[in-house]
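First up is the structure itself, then whatever we jot down about it.
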Amino acid sequence: MNFIDIVIIALLAWGAISGYIKGFLTQLISFGAVFLGIYLAFHLSDWIGTFVSEHFKVGVRTSIVVASFIIFVGVFILLHLTGKIIGKAFKDTSVGTINSLLGLAFGLLKSFLLVCAVLWILSALNNVVQFLPEHLTKESSLLGMWKIIPWLFPYVKGLF
């Protein structure tokens, strides 16, 4: 076990602990908020951007970008706060323990996938410009866990 492994374990532990504290429902709603925010920003930005550009002296492109940002942030904040309220409502009930334990698992899974994605990108970059010392990469037991990304998401195989 070397420095890279310790960093990976720390990141996974942070994800698990954070997930336990936040709970499953809060995390799931916040996670969904990102995707819903992106979806709504993509589909509503033209309409709102056009409306803003017609009523204010702003270019259409600028208003569409601003509208996309406002929609995304608005949806994210609204759903994130909703998730926090629901999570707090469950916290002191018998479901609270299950919510926390499922949150731990979900947080660990999210951090695992994020760490794997970052390691996948770093590994590809390291093949081009070797910035990680070879002895660190060879001695690491966990560095190879990035190999799950192309297996989980086959469409990324040809990217790097």
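Even glycines carry a Cβ here, placed using N, Cα and C.
Listed features, source TrEMBL:
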TRANSMEM  6-21  transmembrane segment
TRANSMEM  28-48  transmembrane segment
TRANSMEM  60-81  transmembrane segment
TRANSMEM  101-122  transmembrane segment
Checklist entry - Taking the transmembrane segment (6-21) as the reference, which of 28-48, 60-81, 101-122 gives the largest number of Cβ pairs under 8 angstroms? => result 101-122
Checklist entry - In terms of Cβ proximity under 8 Å, which residues at least six beyond the ends of the transmembrane segment (101-122) contact it? => result 8, 11-12, 14-28, 31, 132, 143, 145-150, 152, 156, 160
Checklist outcome for this item: Long-range Cβ contacts under 8 Å made by the transmembrane segment (28-48), restricted to residues 6 or more beyond its ends, are 22, 63-65, 67-76, 78-80, 82-83, 86, 106, 110
